[in-house]
Amino acid sequence: MRVMSTVTLTLFCAIICCSLTEMRSNGSSPNIIIMLMDDMGWGDLGVFGQPSKETPNLDAMAAQGMLLPNFYTANPLCSPSRAALLTGRLPVRNGFYTTNAHARNAYTPQEIVGGISKDEILIPQMLKKKGYVSKIVGKWHLGHRPQYLPLEKGFDEWFGAPDCHFGPYNSNIRPNIPVYNNSEMLGRYYEEFKIDRKSGESNLTQIYLLEGLDFILRQTEDQRPFFLYWAADATHAPVYASKRFLGKSQRGRYGDAVMELDYSVGQILSLLRSLGIENNTFVFFTSDNGAALMSGPKESGSNGPFLCGKETTFEGGMREPAIAWWPGHIKGGTVNFQLANVMDLFTTSLAVAGISPPDDRALDGLDLTPVLLNWPHTLQNRPIFYYRGNELMAVRLGQYKAHYWTWSNSWEEFKNGINFCPGQEVQGVTTHDQKEHTLQPIIFHLGQDPGEKFPISVLTKEYQDVLSRISPVVEQHKKTLVPGVPQLNMCDLAVMNWAPAGCEKLGKCLKVPKSEPWKCDWPH
């Protein structure tokens, strides 16, 4: 584990900055950094209108780069959206979904048996063709069993955890989540890696920041192109921040976490400039899904004007903050309204590196470089597909969105206090029963009605015109879709993080219970 102090990093930068700038050739492959936040909402950034204006570094990043207001995730939940980003494919194609029940969100809790399929190709595996060194910092969430971990899927380095930082747990019943350095655990959340549930204090974001900075420094010194996937998770409940940031935000503890992540983004961009590699580094900032409104105002963020949040296929669950930054290539202060999604980062990263995408599989991501580089006439009239588990819930084309199914969550969950749309119930839209609208979709004009509150009347010519354009898109998609083998159907207590690699050295191995697999229950 390499952890440098900020002072050490600053001195190191000062020593090597000038020499490295001279040493890098103009023809070297661009570095790539993807910053993926966890449960951060579209409305959490000052540049998107958050009134407290507590994200100066992200706002400056947008001013120096490109803002993408119409950027989407591929699923309103963490694991499937991350699988989609790294494979360029919808979860229903790459296997990160369940068939245990209709239209259910599934992910990778400790008891999940499956993980990312060996047949899927991830960004770091493709980048090896051009000699890239790849590192993931933070949350993985594509399976925690040995065969699914990052170093088995193309990453050269990893510092972080395979699962969410839920806990603390009684280790006789459920192990705390391990934190890895490459292929071996260093400790566990709430044990060696502290998270104070009462105060919200944790140094994890600072550790993740230093790991990212150290990786950038080492690869720059070695003159090797790098891919950094920086997946900090402080804005996922239970939210946390270091002592320096606790109590600083007008928004409470969640805002403290956002402020620390904003600071960290600023430090990373500042280092790129100090090293003279900013013009040779493509950086993209976004989130894995909408803000988790069901966690309450102290533990969740804002989805701005959009309806509902995480777990739903309404705009609040799937539209994400997105900023692209690449000085000398992306014109500063630009706003582009291209419909785009997280799967585009797969194809775009390969294009930036000069690598052709794999031609043996269907890809859902488009190459955004013509849009990012502001080439004329490059806006593409492409659809956005809103999936929840194995069901296509909605489709957006242009300014219009058609809902073929609606569902927030069940009446049973709702009556027990779980609310995905607090204060935002829209009659006939945020339904608590799964409602099919295939014969007569509910259609909204998102430009005029971003909150999805006023359906267009089916009696109007506008409705019929929109339906005539969207229906063929849906038919073609369903006709050509070949679903992958579902990876998120089976659970087993025996596969939890009882004895991860490296536990022997630390004396942290726990007794593994008897294997008794069952079909996972996905309530929403």
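Glycine is treated like the rest: Cβ placed from N, Cα and C.
Lifted from TrEMBL, the feature list:
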{"type": "SIGNAL", "residues": "1-19", "note": "signal peptide"}
{"type": "BINDING", "residues": "Asp38, Asp39, Cys78, Asp288, Asn289", "note": "Ca(2+) binding site"}
{"type": "ACT_SITE", "residues": "Cys78", "note": "active site, nucleophile"}
{"type": "ACT_SITE", "residues": "His141", "note": "active site"}
{"type": "CARBOHYD", "residues": "Asn203", "note": "N-linked glycosylation site"}
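Locations of recorded TrEMBL features on the structure.
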{"residue": "Asp38", "record": "Ca(2+) binding site", "CB count, 10 Å": "25"}
{"residue": "Asp39", "record": "Ca(2+) binding site", "CB count, 10 Å": "29"}
{"residue": "Cys78", "record": "Ca(2+) binding site", "CB count, 10 Å": "27"}
{"residue": "His141", "record": "active site", "CB count, 10 Å": "28"}
{"residue": "Asn203", "record": "N-linked glycosylation site", "CB count, 10 Å": "17"}
{"residue": "Asp288", "record": "Ca(2+) binding site", "CB count, 10 Å": "29"}
{"residue": "Asn289", "record": "Ca(2+) binding site", "CB count, 10 Å": "32"}
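Each residue contributes its Cα atom, and for the residue listed as 'N-linked glycosylation site' and the residue listed as 'active site' those atoms are 21 Å apart. Within 10 Å of the Cα of His141 (active site), the following binding-site residues from the list Asp38, Cys78, Asp288, Asn289 place their own Cα: Cys78.
A Cβ within 8 Å of the Cβ centre of Asp38, Asp39, Cys78, Asp288, Asn289, the residues given for Ca(2+), is found for these other residues of the same chain: Met37, Met40, Leu77, Ser81, Asp233, His236, Ser287, Ala292, Lys310.
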